[in-house]
């Protein structure tokens with residue numbers, strides 16, 4: 001620093017404002033008038049000394065040395081390990097404790113001495129004062145430890161008293177139980193040894209030795225009891241040598257209990273630790289002592305091993321669950337019952353070869369297999385509670401069984417006169433009411449004749465109504481097989497015989513149309529012999545009646561035969577009580593709602609009864625017979641129409657009358673759930689089969705979507721079966737929706753979404769449906785005869801198939817020799833040996849009957865003239881385009897491609 005340093009420059013060097021520096025110089029006794037005055041070195045040192053005195057620092061090195069002589073610093077460092085609880089495990093942490101203590105000699109002590117002390121004397125004086133301070137700390141620590149010991153002893157005495165009282169109460173309870181057991185036990189024999197006197201004394205609650213023995217904890221021997229006071233003395237002795245503010249022992253003795261207790265609180269002083277110990281009231285935790293945390297039964301700090309039933313024990317064996325599975329169950333529900341994740345169940349199904357999603361339903365067998373695969377037990381769930389109640393209602397129809405009318409089903413081939421025969425019997429014109437003169441419904445009628453009441457079921461004879469005929473044979477008592485004498489046995493005749501035999505129903509053969517020329521009843525009998533239908537005149541048990549439905553010949557004889565057969569069968573039923581029976585036909589009437597034609601088989605069906613019919617239920621609002629009248633009730637073997645159901649039931653469903661609507665609703669809902677689950681399982685299976693089929697067949701198969709609506713349920717079934725049967729490997733008929741009733745807006749929307757054709761069988765579309773049909777260009781067709789439906793669908797399906805390209809060989813030429821031409825290259829000299837070779841048609845070159853080239857002709861000549869065709873037995877020259885490897889002996893095959901319309 002230069003001697004000519006100004007105050008401003010000095011302020012910049014020491015990083016101090018100029019005004020502040022001027023003030024400090026003035027306080028140091030140096031007056032300056034401005035910042036531009038020069039500061040000498042002497043003035044700088046004087047300012048520095050002033051500032052050091054102000055901040056308590058020595059001005060010179062000598063003063064600093066004397067200042068350092070007045071100060072002594074003691075540094076201590078200790079390493080120890082602290083155990084920290086981290087959840088269920090314990091972690092050991094290394095902790096280093098550093099202590100620094102500085103002693104400064106006061107000014108008063110230095111000024112009171114006459115002469116300065118030597119360094120040894122100063123050190124001795126410092127050590128003496130430290131010892132005095134340590135003694136004061138030890139006395140304070142000893143006082144705190146003594147108060148802690150007194151408090152612990154009081155707590156220990158209180159716990160021992162509580163434990164003794166508890167043991168005495170337990171001993172009294174055991175003594176009372178033993179006394180009660182001894183009183184209830186049989187008297188001992190005379191020579192039994194008497195109990196010792198020590199036993200009653202041990203059981204007595206007043207025994208002086210019982211309380212200490214009971215109070216002694218398990219596993220603690222008498223020899224270990226005196227160890228507790230000894231450890232307490234050790235702790236009190238160690239506390240005498242402990243320094244205030246530190247847990248480290250001065251005399252080399254450590255307080256283990258305090259170290260463990262305050263292991264995580266090293267920052268606390270001894271006074272704070274003593275105060276917290278008093279507030280907590282913890283036991284000392286000495287091993288082997290009754291006040292130990294591990295041995296304390298009432299303390300909160302008990303170990304996990306002694307926690308009793310509140311501790312969690314890890315299961316050592318897998319849990320095997322018993323899973324109740326119904327007919328179907330979703331994968332998610334099965335996973336929930338198995339206490340597994342849905343993905344685990346899906347993986348198990350994949351391993352078994354079943355491709356299913358978590359929301360998909362699987363059947364009982366598949367669910368049971370995957371349950372067993374996962375190590376659990378599958379049992380079948382009992383879901384038949386409502387069904388059992390319904391069965392009990394059906395069996396509750398008690399009463400006397402009386403004779404009932406027979407149920408007769410008229411069966412036979414189409415146009416053999418079944419409805420005309422029934423028409424003559426009823427004296428009505430039923431046949432004229434059917435479209436096309438053929439029966440397309442099951443007609444149920446009961447006729448009162450001179451021989452009693454007879455219920456007739458008229459079934460259709462067309463091949464499409466197989467299910468109707470089977471249903472009619474199932475619920476009938478007698479089958480009348482109508483066979484035309486001029487036609488003989490036809491396919492549906494054989495089918496009707498098979499249905500009757502399968503149902504175990506007696507058969508009566510009515511040979512119709514005997515008034516026609518060419519009628520041959522004997523031929524009918526001989527043809528039926530091949531179907532194991534043997535006439536009585538041939539030694540069999542089947543009645544053959546020759547009738548004419550047109551003129552009425554033999555009708556009375558037929559009725560007599562029916563009555564005779566009914567008497568042989570001895571048909572009986574309970575005429576009173578709850579009704580039960582079968583649905584023959586069902587439909588949806590726009591004015592009346594769902595209408596079901598039922599045949600009562602037991603009991604009496606009355607208006608107001610609650611009815612369960614398949615998945616439908618309801619209260620009978622009205623009953624109608626075939627003439628339109630409303631009877632009060634319908635007994636056994638009487639067909640009636642029922643109004644009031646919740647929906648259109650399936651033909652062939654059974655119905656039962658129940659007491660209340662609640663049971664009817666529960667049964668219907670349970671059946672609907674089962675049917676829906678079964679349908680989901682079937683649809684899932686069909687989807688997988690369709691995927692695999694499409695993978696195998698590629699995209700070549702065409703699909704024709706249909707929406708079918710009919711007037712009755714039986715017609716819907718017949719249409720679905722007949723149309724789906726038209727499917728083949730090239731086209732598939734897919735019925736996306738079917739139902740009973742008129743064509744609604746919902747049906748039209750379904751057809752528009754799937755680009756389907758709507759078929760209305762004896763039904764029409766309403767205004768809203770027609771509007772959607774017109775706006776979307778949907779193909780809507782109305783029919784009244786099932787023949788026309790099948791023919792039209794065949795035509796539409798054939799149009800989807802398109803045309804098939806076929807190849808037809810029109811001529812073959814034999815190569816005799818090969819010539820070379822500069823214009824055409826190799827020219828084959830040929831002889832046409834078959835058909836005609838045309839210039840405009842494609843050709844193939846065959847060598848040893850193997851095709852070696854396919855192309856077209858470039859030239860066809862006859863005597864150097866170009867010709868269009870060469871016929872059989874004529875020589876010609878053929879130039880093959882883009883092929884020069886023609887050899888003698890080859891054959892040139894000429895063919896043409898033609899388009900052929902494909903049909904079903």
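Note that Cβ sites are derived from N, Cα and C of the backbone, with glycine treated the same way.
Here is what Swiss-Prot records for this protein:
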type     : residues                  : note
BINDING  : 412-419, 458-462, 512-515 : GTP binding site
COMPBIAS : 137-177                   : compositional bias 'Basic and acidic residues'
COMPBIAS : 178-230                   : compositional bias 'Low complexity'
COMPBIAS : 280-293                   : compositional bias 'Low complexity'
DOMAIN   : 403-572                   : domain 'tr-type G'
REGION   : 103-122                   : region 'Disordered'
REGION   : 137-252                   : region 'Disordered'
REGION   : 267-315                   : region 'Disordered'
REGION   : 412-419                   : region 'G1'
REGION   : 437-441                   : region 'G2'
REGION   : 458-461                   : region 'G3'
REGION   : 512-515                   : region 'G4'
Point to revise | Segment-level pLDDT (mean, integer) for the region 'G2' (437-441) | key: 48
Practice item. List the helix, strand and coil residue totals of the region 'G1' (412-419) as derived from DSSP. Key: 2 helix, 1 strand, 5 coil
Practice item. Mind tallying the compositional bias 'Basic and acidic residues' (137-177) by DSSP state, helix then strand then coil? Key: 41 helix, 0 strand, 0 coil
Point to revise | C-beta crowding around residue 459 (GTP binding site), within 10 angstroms | key: 29
